Amino acid sequence: MNDSRRNTATEFSYILQRQGSDVSAAEAYAFDDFNNLMKSDHQTHQQQGQQQQQQQQQQQQQQRQLQSSQQQQQQQQQQRGDGISSDTLSSLPQASFNYINSIVGSGVIGIPYALHRAGFGLGLALLILVAYITDYSLILMVRCGHICGRFSYPGIMEAAYGKYGYYLLSLLQFMYPFLAMISYNVVVGDTLSKVLVRFFPSWGDSMGAVRLGVVFFVTVGVVVPLCLYKNVSRLARASFISLACVVFILFAVIIKLISGDYKV
């Protein structure tokens, strides 16, 4: 190696001397060392640049893998904790019909009676207070859902209180509509039985049996088929029909009130 470098330096010195430059072999040898050093530095920089590029590529791949794993975990959590998917989500009209029907259904009877008993001023103040509490509660629920990454009420309860909170909420969500359905059956039995007795006066002697029959057929023929849906969005049509009936009854009551048949 040293002999080849010495020969290269001698040849380089001889070439420079022929061109009129006074350069010794030692100087040419030093120049060759400098040239080799520059080449080695250049190669070192290239290797370092390649290593940095490889490290950046590896970091990018790790970030992609981490993001994909996080997305998979979120999807698994949603499927396990929330039990919802894009196919079971309700559209805006469907959610509106179901939500309004859940409010108007019981509020048509309860709210007017409560305002009548409490008085206009106090009843209106209580109505505004309850509306504010409900709105603030829904805002808190949405914020909690964004924080814990859950998009359903049971999922939020499970994230906050564990499996016991999930089971407690499931029990409450079952008891609330179950008891509400019992009250609706009582109202339907009292109302439709009187309507049927008007059309069939002979049934008036067995009013209790008529009432039980109405409750049975309404429960089996209307309530049970609607309860078999696994997706709440399927109830949007039934909610729309219910709202249409409420609007019809509202106009009927207004017309009767204007005609003077009823007195407040």
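Backbone N, Cα and C atoms are what each Cβ position is placed from, and that goes for glycine too.
Here's what TrEMBL has on this protein:
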COMPBIAS  46-81  compositional bias 'Low complexity'
DOMAIN    90-255  domain 'Amino acid transporter transmembrane'
REGION    34-85  region 'Disordered'
TRANSMEM  97-115  transmembrane segment
TRANSMEM  121-143  transmembrane segment
TRANSMEM  164-188  transmembrane segment
TRANSMEM  208-228  transmembrane segment
TRANSMEM  240-259  transmembrane segment
Who are the long-range neighbours of the transmembrane segment (240-259) in its own chain, taking Cβ under 8 Å and residues 6 or more past its ends?
97, 100-101, 104-105, 108
Same-chain residue ranges lying at least 6 outside the transmembrane segment (121-143) that approach it to Cβ under 8 Å:
111, 114-115, 153, 156
